Amino acid sequence: MESFILEFANFMLRWLHVIAAIAWIGESIYFVMLDNGLKKPESEACRKKGVFGEMWAVHGGGFYHNQKYATSPEKLPDDLHWSFWKSYTTWLSGFALFILLYMTNPAFYLINTQSDWAWAANLTGWQANLTAILFLLSGWVIYNELCKRISPNMERDGLLSIAVGVMMIGVAYVSTQLFAGRAAFLMTGAVMATAMSANVFFWIIPGQRRMVNAMKNGEEPNPLDGKRGKQRSVHNTYFTLPVVLLMISNHYAFTYTHEYAWVIMALFIFAGATIRQFFVLMHSGQIKPAYPVAGVAMIMVAFWIVSPQAAPQPEAPVAQVEEPSAGVNEPSAEEKSAPAEGEELSAKMKEPSAGKEPSAGKEPSAGKESSAQTNDPSQPEEVKVAAVNDAKASDAKQAPQEETAAEIDEQTKAEIVESGQQPESEAGHEEQEGPFALVEQHCASCHSQAPTQPGFSAPPAGFAFDNREQIERTKAKIQAAVASGYMPLGNMTGMSDEERAVIAAWRE
Ligand code: HEC
């Protein structure tokens, strides 16, 4: 019941978050459009009043006449409309969602157990939560300092944009090291979103208040307040599209499980900002198709990088061959350059992103080799043993191969018996039980109509693995999720590389 209530709260908060963000971003886009679309006022009277630009619009069956004053209108009305709650609501609901989903389950969602940075991989739950908060805070502090130092008088905005762009590449990279893939995308988006809200909270609104107060006291407002408000608002505008792209990429595991997830993020950020630039210019009357073309090209590059043919093959079956075994006669490139440290290597095998030689796993020949090896119907037993062997051999600390393979075989059999599935007497059939038993053992505690894993009230992502048919139907997704290291989530159920190899070698 408790997890159901949490789920429900999550659902409702998400609704609020999305609605508030739509309202905020919509308003932000509207004002940038308005600002860029202003024309010189036609009437002399307006110009005399101090109107600097105006826009006529028709909307919802009515005609609207917006006017912008160059400095201040003669008399400021008392009921000025202020825009800030949309921004604050978006940030607060987003942060609440983050607490509810990520910070209550840091082991599942936050910790990157496969990080290159050993300290990050070994964070405890509360340390990971603290790291997340510090990450958001430092993101804001660094961005704010860049703005203050590079462009204190809002005169070097071009240089500042470049600095912020470089900073975001750094944020993307560091986030993939500190946090699990999905959280990394979220945190990078959240750094930008936090800067947006903090811009409103610390600069735009206080600046506007100072301006209003000055006008009310009959003083000249400080022009820097206006300029700074504009500068930060322009940043916000370029952040909107990337932030939304990063937030929704959360739902697409192929984006954030890739070894170069940070490159994908950087491409998304620049693509979003570039596409936004097209609309900013369009509202001021310039049509520059090169911007959306460049933006779409960046997204295509990102998708090319994550596309299945470019994605790393399951590494386990082709890694490390100590002696010739079924289908593999030559030592692979990886073997020659293998470090002696067994642990280091096994960490690499789990997560493509940890690999220092990304191309090795991608070699088409390596991929073919492995499928040829595992497809060979004449030697089903050897095939599995070989795959398992190969994986095992990578771990220098492990016992000699034959023993290990036999061990695993025993283990798999034991699992099959345990799981209540009757192994059929033929070796070929028995062979096929392995993956099902493993899914049952490592996945079904979460992925079930009735999850037994605390904190889960329904099968995550809608995938329940309660019976063979369900497992078989989801085979491709299971293999992808296991090969990328994304599943089991946070490796909560402790799936070993050998077991991953069995899933990877699973054929019809
Ligand atoms: C600790 C709980 C947990 C365990 C154990 C677990 N999963 Fe998941 N799984 C999740 C959650 C939560 C999601 C949804 C995450 C998301 O939306 O990205 C998910 C999503 C998935 C998805 C969908 C990913 C996508 O493409 O969107 C697949 C496939 C999957 N899991 C397979 C597996 C397999 C196979 C195993 C066992 C090897 C496994 N999971 C073990 C919690 C778990």
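Quick reminder: no glycine exception, Cβ is built from N, Cα and C everywhere.
In TrEMBL, annotation is done automatically, which means it is predicted and not curated.
What TrEMBL says about this one:
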type	residues	note
TRANSMEM	12-33	transmembrane segment
TRANSMEM	91-111	transmembrane segment
TRANSMEM	126-146	transmembrane segment
TRANSMEM	158-179	transmembrane segment
TRANSMEM	185-205	transmembrane segment
TRANSMEM	237-254	transmembrane segment
TRANSMEM	260-282	transmembrane segment
TRANSMEM	289-306	transmembrane segment
COMPBIAS	315-326	compositional bias 'Low complexity'
REGION	315-440	region 'Disordered'
COMPBIAS	345-354	compositional bias 'Basic and acidic residues'
COMPBIAS	368-378	compositional bias 'Polar residues'
DOMAIN	429-508	domain 'Cytochrome c'
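Below 8 A, the CB atoms of the transmembrane segment (237-254) and the transmembrane segment (91-111) form no more than two pairs separated by six or more positions in the chain, fewer than 3 in all. Listed by sequence, the residues of this chain that lie at least six past the ends of the transmembrane segment (260-282) yet keep a Cβ under 8 A from its Cβ atoms are 29, 32-33, 36, 165, 168-169, 172-173, 175-176, 181, 184-185, 188, 192, 237-246, 249, 288-289, 291-292, 294-296, 298-299, 301-302, 305-306, 353, 358. Only residues 6 or more beyond the boundaries of the transmembrane segment (185-205), in the same chain, are considered here, and those with a CB under 8 A from a CB of the stretch are 82, 84, 87-88, 90-91, 94, 98, 102, 132, 135-136, 139-140, 143-144, 168, 171-172, 175, 178-179, 228-229, 232-233, 235-236, 239-240, 242-243, 246-247, 249-250, 255-256, 261, 265, 269.
Within the domain 'Cytochrome c' (429-508), the DSSP-based counts of helix, strand and coil residues read 43 helix, 0 strand, 37 coil. Per-residue confidence over the domain 'Cytochrome c' (429-508) averages out at a pLDDT of 83.
Among residues of the same chain six or more beyond the transmembrane segment (126-146), those with a C-beta under 8 A of the stretch's C-beta atoms are 98, 102-103, 106, 110-111, 120, 160, 163-164, 167, 171, 174-175, 178-179, 183, 187, 190-192, 194-195, 198, 202.
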